[in-house]
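One structure is given here, and the rest of the page talks about it.
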Amino acid sequence: MQIFLLPVLWAWLCGCCFFFLFLQHPFTLTLFLCLLDSEGDPGTDDYIKDKAIVVKRGNCTFLEKAEIAQRFGAKLLLVASETSIRSPGGNKTQNLTIPIALVRDADIKDLEQTLGRNVSVGLYSPPQPIFDYSLVIIFLIAMFCVSLGGYWSGRAELEKLKRGPSPGSNESLSDEETLTLTPLSAVIFVSFCCIMLVLMYFFYKWLVYVVITIFCIASVSSMYSCLSALLKKIPYGQCRFTCWNRALEVRLVFLFLFCVALSVTWAVFRNNESWAWILQNILGISFCLNFIRTLKMPNFKSCVILLGLLLLYDVFFVFITPYITKVRGSIFYFFKKNIVFQLPVVFKVPRLDLSPAVLCMRPFSLLGFGDVVVPGLLVAYCNRFDVQTSSSSVYFIFCTIAYGAGMVLTFVCLILMKKAQPALLYLVPCTLIPCVLVALYRKEMKKFWNGNSYQVRRNFSGPETPTC
């Protein structure tokens, strides 16, 4: 819903700080808590004249509420919202002369219970933080997932080449099974994402639980895959027992139960702001690492198609859908409102700025899993190509650094524009262009584009033997 306001004001209204604000700001008004709904009527001009009034958020626009309050002589309008607080927009063509601010409904209830219904208040706009240090943690998480996932994928490729196609090397193949994403598969995948996003837009209340269930199952599998790979490196505690004619390691059974318990704990307490975000990040890191390792891009052409289509997907749903869905606005901003406490598709880090304005802003900095996984698939392909051509990890290193530069560019645009950014808009060109430049410089563009059939087979007893 579009919000009209003149002037644009940002208010922090916490009951414990009202007297402090009153002393610090000369502009004070009498607050009369008249929680008007659509059926409310001030009755006379004196009912709210020269008072600050509080109304419920409701379904009508801020402009409609402000016009009614101004007509009856109110000096200030506070809108109590039970959902998330977002900075109201402004429209200079509207004839408004009173300030309007958005506050939390819980703060108004606390204020009424603590100080009563008639108190003096003041407007206070704290300075906006220029930089949020939680972005550093977001950056480190993203770089960790992309670099480690790409490295893991390259190591799996190297071990496969060392093992070779001999019949006796079928051992532990299930641990290294991968899915290949061809150009056609990439188109189908992006089409499925579009359909799923539109369905979520219209049937959010039901499909959100489907997404949560899928995430829990996938995170259990991913975390087990990541931790079991580490656990198998430890030569202790390998006792086994037989179950359904299979020999199971006791430590792997306990590991599986631990992964299930962690996922279920998150699902039950996912809306707890104080610590549930830690579990979501742990599960998300496991999911991204396993996804990057498991999904294999066969050539650079598939990478360009996938990243290019997802870039168009991002641009369409962020910048074009507002012109299609005028009633509900951009699909991107619809999910932005609901994604924090419901959909488990983002990394979440609490804001680390000490400014009081943080209390009135979105409490978390977010980064979508797709902004890590999608460029991570390109990084993984670069590392596998390095392994196949014995190119000293040059593609892998350049692509990883380029991804980090793209993340920094995203954060810079976030700070300058002061609004959430579709990260793929910056990450896709920042990762694809350096890869192309490196391939052109090394005169390997054709091989890099089509995928490499040239493999370096490292024998344990002899030198490297190139085969075609």
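One is the number of the first residue shown, and numbering goes on along the chain from there.
Note that Cβ sites are derived from N, Cα and C of the backbone, with glycine treated the same way.
Here is what TrEMBL says about this protein:
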- 40-111: domain 'PA' (DOMAIN)
- 133-153: transmembrane segment (TRANSMEM)
- 181-203: transmembrane segment (TRANSMEM)
- 209-231: transmembrane segment (TRANSMEM)
- 252-269: transmembrane segment (TRANSMEM)
- 275-292: transmembrane segment (TRANSMEM)
- 304-324: transmembrane segment (TRANSMEM)
- 364-382: transmembrane segment (TRANSMEM)
- 394-417: transmembrane segment (TRANSMEM)
- 423-441: transmembrane segment (TRANSMEM)
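With a threshold of 8 Å between CB atoms, the same-chain residues lying at least 6 positions outside the transmembrane segment (304-324) that come near it are 181, 183, 186-187, 189-190, 193-194, 197, 297, 330-332, 370, 374-375, 377-378, 422, 424-425, 428, 431-432. The recorded stretches the transmembrane segment (423-441) and the transmembrane segment (364-382) share 3+ CB pairs below 8 A when only pairs 6 or more apart in sequence are counted, and are therefore in contact.
Across all of the domain 'PA' (40-111), the predicted model scores a mean pLDDT of 72. Take the transmembrane segment (133-153) and the stretches 181-203, 209-231, 275-292, 364-382, 394-417: counting Cβ pairs under 8 Å, 364-382 has the most.
Against the transmembrane segment (252-269), stretch 209-231 shows more Cβ pairs under 8 Å than any other of 181-203, 209-231, 275-292, 394-417. If one looks beyond the transmembrane segment (275-292) by at least 6 residues along the same chain, the residues whose Cβ comes under 8 Å of a Cβ in the stretch are 141, 144-146, 148-150, 152-153, 215, 218-219, 221-223, 225-227, 262-263, 265-266, 269, 344, 346-350, 364, 369, 372-373, 376-377, 379-380.
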